[in-house]
Amino acid sequence: MTSRKILVTSALPYANGEIHLGHLLEYIQADIWVRFQKMMGNECYYVCADDTHGTPIMLKSDELGITPETLIKGVSERHQADFKEFSIGFSKYHSTHSQENKDISANIYHKLNDAGFIKTRIISQAFDPEKQMFLPDRFIKGDCPKCGANDQYGDNCEICGVTYSPTELKNAKSIISDATPIAKDSEHYFFDLPQFETQLKAWIKEGHLQDEVSNKLSEWFEQGLQQWDISRDAPYFGFQIPDVEGKYFYVWLDAPIGYMASFKKLCDEQGLDFDEYFNKDSNTELYHFIGKDIVYFHALFWPAILMGSNYRTPSAIFVHGFLTVNGQKMSKSRGTFIQARTYLNHLNPECLRYYYAYKLSAKIDDIDLNLTDFKQRVNSDLVGKVVNIASRSTGFLVKKFNKTLSDYAIDPELYHEFVACGDIIKKHYEARNYNQAMREIMKLADKANQYIDEHKPWQLVKKDTKQVHDVTSLAINLFRVLMTYLKPVLPVMAKQAEMFLNIDAFNWQDLKRPLTKHQINTFKPLMSRIEDEKIEQVIEASKQNMQVVA
């Protein structure tokens with residue numbers, strides 16, 4: 001079978017905050033898929049970057065008395081440290097504030113402009129007279145023009161849900177200076193999205209999106225596509241629009257181009273062919289993993305920009321839902337707005353990887369991290385089932401058989417049943433239905449433990465050491481099959497299991513033959529149980545984080 005060439009991206013985390021468990025849902029989802037593709041022998045690259053531009057970055061650095069470059073450098077280092085400990089295996093993690101991104105953004109802009117897809121017009125915006133800067137909607141607060149609710153942002157009311165322009169807000173104030181904004185005219189640059197309506201509809205019909213996403217896009221088409229403002233006025237931290245003084249690319253223009261820039265950096269470092277992956281007639285595969293809150297940008301603007309600049313479009317966009325904790329939106333006051341670092345200070349990252357896999361499917365439903373179920377699921381499935389197979393079998397092999405597996409002929413049909421299940425597990429991984437894959441694997445783990453229970457090696461050892469040798473050797477081989485299937489989800493535990501089994505990296509193809517007359521190493525615990533105390537410590541530490549921020 002010919003190896004596939006695949007490029008995978010995840011949404012870029014913004015460089016003004018820390019990674020939290022909501023972010024990690026997507027990176028773990030994508031990482032599992034990438035690891036699976038590599039196990040299948042496919043050439044698969046996974047790129048990402050910090051999203052570094054925009055008014056919030058400029059203002060935050062100003063508040064801290066440092067340059068934006070210094071701010072984003074420190075944030076990137078922390079982001080990458082968190083990702084590394086959660087085993088997110090990026091081929092390249094870059095920054096949107098890079099020469100590659102600047103060059104590609106300018107190139108795309110010139111192509112769009114030359115083709116007549118960039119328009120200009122004068123617009124009126126809210127302007128802070130004290131800070132001498134135009135204000136994004138989220139930097140203005142006031143009273144809702146419809147229901148009168150206080151302290152509402154400049155784009156929509158969180159109380160009654162109405163949307164409006166900042167100029168309609170009553171008693172409006174700049175959240176930067178507390179000054180009353182004034183209206184000021186400015187020339188802005190627009191991407192003419194409506195020109196691509198026919199092409200976008202055709203692209204969507206080709207099946208690049210989940211059905212739920214396609215249905216949502218149909219609603220937007222019915223409302224009518226609008227030209228997209230791709231410019232912002234100085235002062236602004238970002239890339240200046242070529243040949244236009246005092247105008248910068250809006251962050252949402254150069255952010256998705258950051259996917260291309262990150263891959264370009266990887267290509268330059270490893271001698272890969274960038275054009276092979278992004279030329280209009282490319283035969284490679286391109287997949288974006290994103291959350292449902294940024295579908296509009298990725299399923300309309302982004303493909304249209306690629307079409308207009310003569311690049312290939314995504315093979316598919318994989319959309320996931322939001323993360324809730326204990327059935328509710330993450331809350332700082334309840335201690336359920338959990339940062340990655342807070343989790344890492346108390347719990348094993350592989351536990352979260354498994355729980356997310358147990359919950360994730362190809363649908364865009366929200367995922368709930370129920371902390372009680374999280375503890376019970378990890379303790380039951382990983383510790384009580386999978387690891388238990390190895391731990392309860394190894395002692396006999398160490399004490400009686402010099403840690404060497406038998407050349408057994410006992411119950412070969414059970415081993416082959418485990419191997420045959422690999423086909424359906426592969427299909428579930430490929431389709432991103434990890435929840436179904438985990439359930440299949442745990443059914444097998446139950447069978448392995450049932451097999452040990454039925455043969456009772458602790459009793460057999462008194463009268464039939466040969467059968468004990470065969471039973472425990474088969475159990476170890478069943479454990480090997482399960483860990484091969486779990487490797488995309490649990491890479492660290494899989495590595496430890498490889499060392500215990502004294503083998504090279506787990507490989508689906510190697511499962512055709514069981515290990516016989518093979519010496520293993522001393523067993524060391526692969527996973528510890530989650531205790532209530534640890535979860536309580538995470539919640540309490542998250543509450544403390546809120547107080548520090550406040």
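Cβ from N, Cα, C; glycine included.
The motif ''HIGH' region' annotation in Swiss-Prot covers 13-23. Here the motif ''HIGH' region' (13-23) has long-range neighbours at 48, 50-52, 54, 56-57, 60, 71-72, 75-76, 78-79, 82-83, 95, 322-323, 325, 330, 337-341, 343, 352, 369, meaning same-chain residues at least 6 beyond its ends whose C-beta is under 8 angstroms from one of its own.
As annotated by Swiss-Prot, Zn(2+) binding site applies to C144, C147, C157, C160, with the evidence given as sequence analysis. DSSP assigns C160 (Zn(2+) binding site) to coil in the three-state reduction, outside any helix or strand. C160 (Zn(2+) binding site) counts 12 other C-beta atoms within 10 Å of its own C-beta, drawing on all protein chains shown.
The feature motif ''KMSKS' region' is assigned by Swiss-Prot to 329-333. Beyond the ends of the motif ''KMSKS' region' (329-333), by six or more residues, the same chain brings 20-22, 322-323, 542-543, 545-546, 549 to within a C-beta distance below 8 angstroms of the stretch.
The annotation ATP binding site is assigned in Swiss-Prot to K332 on the grounds of sequence analysis. If you draw a 10 Å sphere around the CB of K332 (ATP binding site), it holds 15 other CB atoms from the protein chains shown.
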(request) Mind checking which of C144, C147, C157 has the fewest other CB atoms within 10 A of its CB? They're the binding-site residues. (result) C147
(message) Can you work out the mean pLDDT of the predicted model over the motif ''HIGH' region' (13-23)?
(response) 97
(request) Using C-alpha atoms only, work out the spacing between C144 (Zn(2+) binding site) and K332 (ATP binding site) and round it to an integer in Å. (result) 26
(request) Could you name the residues, excluding C144, C147, C157, C160, of the same chain that surround the Zn(2+) site, i.e. Cβ within 8 Å of the Cβ centre of those residues, in sequence order? (result) P145, K146, G148, A149, Q152, E158, I159, G161, V162
(request) Sort the residues of the motif ''HIGH' region' (13-23) into helix, strand and coil with DSSP and give the three counts. (result) 3 helix, 2 strand, 6 coil
(request) Pull the DSSP breakdown for the motif ''KMSKS' region' (329-333) and write it out as helix, strand, coil residue counts. (result) 0 helix, 1 strand, 4 coil
